[in-house]
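Below is one structure, written out as structure tokens; comments come after it.
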Amino acid sequence: MFMNTGFFEPGKTKTERKFIQQAVKQSQRLDGRKSGESRDVQLTFGGEYGSVVVSLGDTKVMAQVTCDMGTPTTSRPNEGKLQLYVTLAGVSYLDSVQKTHDKRSLTLNSLLERTFRTSRCVDLESLCVASELHVWCIRVDVNVLNHDGNLYDASTVAVLAALMHFRRPDVTFTDGELRTYTEKERDMIPLLFLHYPVSVTYCIYTSNFQPFVDPTLLEENTADSTIILSFNSYQELCTLNAGGTVPTDVRTIMQCARSAANRCKAMVTFIRKALDQDEQQCLEGSKRNTGMLGLMEKSSQKLSFKTLMKGDQKQQQHKTEDMDLEVEAKPNPKLEADEEENADNVENVESDQPAQEEELPMDDSGWLPQEPEPTIDPTKQSPGKPKRKRNKGNKKKQ
């Protein structure tokens, strides 16, 4: 029987599960965060275009984007290619069996392909050089350097930031000849995007059905179910993945969807600000991080989410408070005129109708389709007992 004597993944023992369940029951987390509070995200851009390291707490993911000229597929001759590859070689304590290690890399790869390839966030038609002959093939290599939970969110941020940071060389195709220009001859061209997807992960426990955002590795392994939502900057749902032993109701999913949509929108603005700041540093002539060691050094230039988005978060809080005050204080002149003219009728109608609750339900959302309630026709009668068919043989005998 094979036993892993080196490293054990946290959260697999009964004592750890019992301890986390008791802490979650009291709405407490080991790192002191609240249930809706996530860890700080830090971006570190490399010297080459398309190299990014994302740090989400102790979870670190590196993404590298490269391009090469290739031939298109017969089904889509006018579109380029986008390929994603995930490696978990640096994480030695993920499991004790190689099968589960490969399974986790495959699930992470499939989730990233659903988020970026299936949703068609990159304009693949802009990667076509000559129809049915030459197209750009974009390759994204995702390397997991350290795993401390919420690996999928860190990977999506790394892939999106690397694709937005990447630049491809300019190419011309004339008289059957393909010419590629260098960076000195012509400026590098960025990729074109149709939307910008980012994911948010939640964990749910039986002791407390309140969702916990951005779980650590210990919280992930002790959770009863997980919900992964991917939204773009337009707050459109891209992917939804839910699994576990505990079924999740609509109220919980809607609560997670609203907070995830706001979180993804803020993350996209953070990546854009980080790219602008990195470009300004390049124009000023400051030193850039070169190589993998330069990206992992403590002295490397890291761009934090909390520092760049501190002013925007305060403005959003003030705006929401002002909007709530305006809605409460703003009168409706049409309703006042109707009440003055038809006071008696309004009193009679109000006495007949039940009082409405002021609080809005948590599953109320305008951007989701609502199914019509089934109507029962009273004219239709319930079907009676089926009539027995007479045996033809008995008729002949009679």
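Cβ atoms are placed via backbone N, Cα and C, with glycine included.
Under the heading domain 'Exoribonuclease phosphorolytic', TrEMBL lists 37-169, 195-260. If you look up TrEMBL, you'll see 308-398 marked as region 'Disordered'. The compositional bias 'Basic and acidic residues' annotation in TrEMBL covers 309-336. Under the heading compositional bias 'Acidic residues', TrEMBL lists 337-362. Summarising the annotation, TrEMBL assigns compositional bias 'Basic residues' to 385-398.
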How does the model score the domain 'Exoribonuclease phosphorolytic' (37-169) in terms of mean pLDDT?
89
Could you tell me how many residues in the domain 'Exoribonuclease phosphorolytic' (195-260) are helical, how many are strand and how many are coil under DSSP?
17 helix, 24 strand, 25 coil
